[in-house]
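Take a look at the structure below.
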């Protein structure tokens, strides 16, 4: 059995010569490459797969299918055994090879038996390893079987006559015949086994296994063919084609892609610490991520964590390289065949070329599909791991280092750039192999000239390398500017209401737009580098053939020229992709470095040490209770935010357990610092000191702390969800405790008025609630926590006296829930010193943060020190606080957002009254293009793009003319130098056209989209009405300025260029390919129809997935921003673990549309390449059967090598373009649908009064009502927040607006600033009667609001807010990083001396001086709440002085509006502020909202008392307080109670 009919079979070949028609491989080659290597590779892969499977549960039944598989494998093994016995027992020259091949076949069959059983029972999908092995085995065995049968015939022909053993031409007794039959039978069983292994298991899962196919993605149950052809996406395509998709319609991610699992794997390799577990609170001093400051430490950790995922694409990529190398050999064989005369060329060779074409191009399509399937999965795993890591790191950051802009940019922009940049990372090693092998093959064609393309490549690499250095720097600078702009925009969106009140909206708009222009300028510098990089990347492919043919010394025929050209393409094409993608890869690694720097930041360190059971109390100088049990003990500690200076120096403090401790002190004394120190949020503790806190575990968990920050933190959820918090679930919900917390915080009356009760959403940052409501929701949340340690930081400052009294008594009073019912330790920092008699322990701080005295109130009162100086009398503590004896006569609704309570969860449309948009302001220069410029640039793009497409293909046609002319030597028309010189000219000209196309497009797109779209969106936000912010989550708005702008900046220019150039290339390439056979042109309409059908079927789903992708990220960003804002609250309440879990779910949810979008894009590529299989096979069929022109066929086949890639590239670029256009559409829709504050587009509110206006400051309101309800909603009557108010305030009056919480005081301020408009049912809000500024008599009778006789509804709103000086309740600042001077003088109207004088007036100049002066950066968090209010007052003072210096106001002109500006300062500072206001604004009309009625008595000459939006009382404060039965007296008496 030696198959000795052909002597050449004993050589390695690979092609056989002299037998079998010269159309086969040698037996030696086949046995080594096709028979021995595949099973030798397969067997070692079985064992790690079995190890993995044996760790998984048994989830699949299907005994019949399993039995069929095992029977087929046993039969296959039996046949392999027969082949082994036969080959080992028969002599022959191939005995060793056949025996080894049969033995390995038997061993692989045994492994298949074991693996098949494990895969069937434990894996939800058909085995990919088995299917891959069987597919290759079938393909190889078909080749082997053909060779064996043909070699048997050759053996019979050379063996002589053994006629007696021959029946019908076959020798039944020959060993060769038996071997061939056994081998063919084994092949048949492999085919059967392949079919059985490909059967899906959806219907045979075990019911008791808990694995339900309907709960998982079809991806998890798809086998090799379903994954390779992306057939598992058919369901989503059909659903997207027929219906509107939602997130819930999308496939779930499989477990291996869950963020929780991925982040845990990354943490395992990023630190020596064990991976984070659910319930862990990251309070350890070491970071969860510690790469030892090693460069690329994060990259190494990702590779280790996702090693399998990064290795899986290697196999398909190697296969792709193999099929790509088959193309040049195919071209050479085809052209050689065509050069033969028709009567000499074997027809079998033509058929073989057709089959080879089909196999090669199908192999390219399938291997590409599988390769990018694994790459996309790996990159989305990287995205999930990094997004989870960034969030978890955020939860362990120090408060003073937390930067929401930086972290948000990392999670969004940086992570996306990492994902897209690393997608081509495997191309680098694969292309090195491809270039090396292609260079060797090129040397065989051209000799030493093969070096020429490498020299061109090295020059391109040098150029790109030089550009890469610049690219990295510019990329980092660009990303830093993006981060700064996004951070400032997010900050402005959160504080937009107060920015408008303060008149800072316009400066902030200008500042952010300028940041956008700076960012675009830096981005343009980056994109110029990209233009050069693209040109340099295409240089090897365009110029290498020129130099290769110039320097070759060999004589070339048609086949040699085009074969060499194909090898040149294989050498240069990798560099085009690699070099063109190099900036993206460099960007990805730069982003990885940024993420690593963030992850390695020092974490918050918990300085607290637990108190032991034998705790000792520090000796208290003012207490008589030594040995008392304490909750907090601070021993000689210096606490502060910096190493060089401590806010609280040398603190010695012991806080008693189960008692109320009140901390008092002047502004910036360190009260808030003390609160945060008890939470271990203050980063620096002096050496040799200790901070001991009772951290006993409660219910098996780390003790939670009920903490209320001075600035209430609320997230955009319902009131109920805010109170319950992240740790609450339906199973854990405690109804009794919840109701107790709500009642104690006096929220029941508010909830009764909200449209959906406690299910009403509070809006982003609690915008739908007033300051008092937000504080009371925060109090209720703290009370709901199951703990006995509570810390409250100035939570009573925003409450009126009546509400404050009730809340204090119910929470902190002798009968309150903390003292009486829970026996809890409560620490209250406050400026409401009238509650001191209720405290068991009092701590007093001085202005430098030192404790001046501590002890019981009675003791400190007797000491006649700081506490005694406050003037608080020792009264009998009030009982019965829980019930309250005073009946609240007004609802406790929102002041600023009664609005908001009515609108928070409404599902109606935005009011028609807001359909208009304000007139445009001046726009930055250079953000628009004229129609002529646009037309000119579009024409240039078309001309140069078409020129590039023509020149890119013309070179191949020119080579055709050259090789045909060479045949006529010595009668050639032109010399070789002429042809190659012109060839080089055409290629260089093509490169120049490419550069011009890129440059024109990048510059045009940026000028159109960059600044203008951002300005329109920004103006939309700035001019949007308040109710827009109550109904829209901040994360959604921020997403327009982060995600959408990133898509426009990063993808739109390149995608538009790629699509345009790609289409020009396609048109010209199709024309050249058609030259090989005119009949091919007939197929083009059919191929075009196929592409049209694919595109139509694809786009319906892709568009929806793209929108879902963008929208799914908004909740993720909102949660992230909420975490940053409430970081201290998260840690105190033990919300870190639930917050991480929620983030993981949101990341997974955002991954679903993004992952499916990437996969359907790969489906599109596979579909296009499948069409290319048909096109390529058709070209070769027509060429071989109709004997086409050899040169034209060569040119066509050269172009076919890249045509599929070009089409795929176009479609991919088009999807990216569509994504960018979707972002533009979202921004346009946002700008068009969110109407401005104007009620009517035609409303005449463009009046800009003279610069000196208001000249007197007289205010008149005639029959004015106002509502936050949608006036177009006729389903229910509007709820008035101001009801039929008629009021005249003389010029220069000092007016106090008083009333209980929710009476409409802040709404009155908003009305005067036109943040709230008068309600008139007749016309949707515009006052029915209009008057001019000069018609004073008429204005007295008209309804509406008038200032100095000018109706407010005619005045331009920004102008009104600039002229009327207003200070909001919550101090507002420009984003962090802006200077003190910019914050103080945002209009840039004052010089340095005026700014300094204003700060000196409010006693903040020393503070500013210590931090670097006016030009130093201001971080708002470094100021206490009291300092923030003083700064706001200083800004108002500076505005008045600037107006006075400009001669725009006399001593008696101007209006000042103050909304609770002294709520967070002590009484001494309050008196100083009132003195400043009285002196600075002596001639101004001052309208102040205040709960401090003793200050009202001292500074105001008029008081207006509101109740439920009505004016119930006006008069002189001193007279009203003395009059029995007046509302003002009732409020004053409540405030005097202790």
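Using N, Cα and C of the backbone, Cβ positions are placed for all residues, glycine too.
When the ranges 225-249, 250-274, 275-299, 350-374 are checked against TrEMBL, the one recorded as transmembrane segment is 350-374. Check TrEMBL against the ranges 822-874, 875-927, 928-980 and you find region 'Disordered' recorded for 875-927. From the options 559-579, 580-600, 601-621, 622-642, the stretch TrEMBL describes as transmembrane segment is 559-579. Panel annotation: around the transmembrane segment (350-374), residues 23, 227-230, 309, 312-313, 316-317, 319-320, 322-324, 326-327, 330, 333-334, 337, 426, 1159, 1162, 1165-1166, 1169-1170, 1172-1173, 1176-1177, 1179-1181, 1184-1185, 1204 of the same chain, lying at least six beyond its termini, place a Cβ under 8 Å from a Cβ of the stretch. Over the domain 'ABC transporter' (1259-1533), the average per-residue pLDDT in this prediction is 81. Sequence-distant contacts of the transmembrane segment (448-470) (same chain, six or more residues past either end, CB-CB distance under 8 Å): 435, 439, 442, 529, 532-533, 536-537, 539-540, 543-545, 547-554, 568, 571-572, 575, 579, 582-583, 586.
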